[in-house]
Structures are given as structure tokens and as C-alpha cells.
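I have placed the structure first, in the form of C-alpha cells, so that the comments after it can refer back to it.
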Amino acid sequence: KKNESFTYPSFETDGGLSSPETMKQRTWPCRSEGSRFTSLPFLKPQDKDKRTRFSPIYRATTKSSTSSRSSSSSANEFGDFSMLPFDILMKIAAPFTLPNLQAASSVCKSWRDALKPLRESMLLLRWGKKFKHGRGGVRPNLDKALDSFLKGAALGSTLAMVDAGLVYWETGEKEKAVSLYRRAAELGDAVGQCNLGISFLLVEPSNPKEAIKWLKQSAENGYVRAQYQLALCLHHGRVVQTNMLEATKWYLKAAEGGYVRAMYNISRCYLVGEGLHQNRKLGRKWMKRAADHGHSKAQFEHGLALFSEGAMLKSVLYLELAERGGETAARHVKEVIHQQLSANSRQHAIQQANNWRALPASR
């Protein structure tokens with residue numbers, strides 16, 4: 001098959017996207033996206049009828065215990081969420097990033113006081129990243145990084161839990177890593193859910209049932225990397241029964257969310273009619289998107305398609321990019337095209353490749 005072979009990717013890192021030259025199918029999102037929310041739809045008392053199951057407050061309270069629901073029933077009845085019990089508030093806010101914590105803290109004094117530990121955890125998280133990567137004039141020190149992450153995790157931040165788990169996993173203490181991922185996952189952190197699912201695939205012995213459970217939960221929470229990983233599992237049937245209809249559904253969701261590998265795979269599915277009706281137009285569209293986001297295999301295949309259509313200059317640009325990305329087969333086709341172009345046209349194509357920048361992928 002021309003689709004990407006099934007591999008278990010490494011865990012999320014907090015780095016940015018790789019450059020096109022070093023990318024080679026690496027399109028990891030930024031770790032700092034831990035929260036599911038980019039803004040908080042706080043309701044005024046008169047808006048109580050507008051509250052729906054999509055509200056983060058509503059979701060969290062429906063999952064709370066009976067006693068918690070009864071203690072907050074008065075607050076929910078009148079839409080006065082400032083009366084929400086602090087333990088429930090902390091569970092809701094555990095996956096929040098700093099902007100969302102600041103927004104929540106501005107609602108009322110009681111929320112500001114209750115969320116103080118999580119705001120402090122953001123400072124510890126920031127120092128942990130500095131120590132881990134040697135940023136901001138700080139020398140790399142993994143022990144200090146782990147200490148900062150653990151202190152942030154103790155204050156309730158799922159972002160800190162996941163980063164502490166990453167350090168433990170990288171240093172071989174996998175049980176501690178899985179424990180932290182589980183804590184973050186159970187508090188609703190989609191990255192923690194994804195990493196927990198992947199960890200169940202990688203540990204010995206593996207636990208496919210738990211892996212799929214957490215990957216699916218993360219995917220349903222909108223995390224594109226989990227959507228892609230779940231699609232791979234369903235596509236290749238390595239840990240679950242092959243289900244191409246479900247696989248293409250998750251490939252498409254991840255692709256629409258900006259995940260470059262998924263763009264390439266859904267393109268291949270459309271082009272060969274695997275898991276859905278063959279549609280060469282949509283296949284070409286997603287192939288070009290993957291190529292424009294820096295996927296070297298997509299650049300090679302898109303370059304070949306342009307060559308077959310006679311678009312020589314565009315073709316040689318994508319083939320040049322593919323070769324630089326490690327697709328050695330692109331060299332031969334590019335040399336064939338060069339024989340049909342003038343020296344000026346060849347130089348122009350090279351200059352375009354030098355100035356080319358990949359489109360930003362999901363973060």
C-alpha cells in the first residue's frame with residue numbers, strides 16, 4: 001500500500017513544528033494546547049435557559065457525584081456559577097491554559113481565590129519548560145524541570161501532569177508516566193488521554209482495549225493527533241478489527257483539523273477508493289494541502305501529477321521540495337523535467353524552492 005505504514009509515534013513534545021527540511025512526516029502539535037476551550041461562555045443569571053450540554057460548566061457538573069450536584073443545584077438553578085463548589089471548579093479548570101484561567105479568575109472574587117493554585121501552577125509549568133529546554137537564559141536541567149512540573153501537577157494542572165509524564169517516560173520510568181497521564185486523562189485533558197492511549201500500545205504487555213478507549217475519548221474531544229492515531233488503528237487492524245469506514249471518518253476529521261499526516265492518508269483513500277467512494281478531485285485537493293503543509297511524500301506525488309498534466313514549472317518545484325525532504329525518487333523525475341526547461345526556468349524553480357515556506361499545521 002502507498003498509505004503510511006502503521007507506527008506508534010513518540011509522545012507529544014512541547015516543541016513547535018519541524019522545519020520542512022527536517023520534518024519527514026513529523027507534524028506534532030504544540031503541547032500548550034491542553035485546554036479544550038479558547039474562550040469561556042460564562043452565562044449571566046438571565047441566560048439560564050441558554051445553557052446546553054455544550055457548556056463546559058454543564059459537562060463537568062453532569063459528571064460530578066450526586067452529592068456535588070445537590071450542593072450546586074441552587075447555583076445551577078439560578079445560573080449563578082460563582083456558587084459552584086470549589087472541588088468541581090478545580091476539576092473543570094484543571095486542563096485550562098493561562099488565558100482561560102485568567103478569564104475564569106475574572107468572573108468573581110470567589111473564583112479568583114479558588115483558582116489561585118492553578119494560576120501558580122502556570123508559573124511552575126513555565127519554569128519547567130525553561131529548565132527542560134534551556135530557554136530564557138536558563139541552563140537545561142531535567143531534574144529541576146521535573147521538580148517544577150510535579151509541583152504544578154500537585155496544584156492540579158493537567159498540563160503539568162502531562163509534561164511530568166513526558167519526562168518520566170523519556171527517562172524510562174513508564175509506570176510513573178502512565179500514572180500521571182491517567183490523572184490528566186480522568187480530569188478531561190485530551191492530550192493526557194491521547195498519551196495514555198498511546199502508552200497502553202507501547203508498554204509490555206500492551207492493553208489494546210484501554211488504548212482504544214482513551215484514544216477514542218481524546219479524539220471525540222477534538223484532539224487531532226488522537227483522531228489520526230485512532231484512524232491508523234482502525235485502518236490497519238493491528239489492535240482492533242479493521243474498519244475503513246470509521247478510519248476514513250477519523251482521518252477526515254484530523255485532516256480538517258490541520259493534521260498533515262491525516263491530509264495525506266485521506267487523500268490516498270479518496271484516490272484509490274478505500275473506505276469511501278473514489279473521488280480523484282478530492283484526493284488531489286487533500287494531496288496538495290498535505291504538500292503545501294510540508295509532507296514530503298505528498299510533495300512527490302503532487303509533483304508527479306502536475307508533470308502528467310504538463311505543468312512543468314510547478315511540478316519541478318514540488319519535486320525539488322520532495323527531494324529536499326528525503327524523497328530520493330523525486331530526483332530522477334526532476335532531472336527528466338530539467339531537460340525540457342531552459343536554464344532560466346530551472347533557476348527560477350530552484351529560487352522558488354529556496355523561498356518556499358510550509359503552511360502552518362494544527363497546533
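From the backbone N, Cα and C atoms, a Cβ is placed for every residue, glycine too.
Record features, source TrEMBL:
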REGION    1-75  region 'Disordered'
COMPBIAS  1-10  compositional bias 'Polar residues'
COMPBIAS  61-74  compositional bias 'Low complexity'
DOMAIN    81-116  domain 'F-box'
REPEAT    158-191  repeat 'TPR'
Original post:
For the domain 'F-box' (81-116), what are the DSSP-based totals of helix, strand and coil residues?
Top reply: 26 helix, 0 strand, 10 coil
**OP:** Determine the mean pLDDT over the domain 'F-box' (81-116), rounding to the nearest whole number.
**Re:** 87
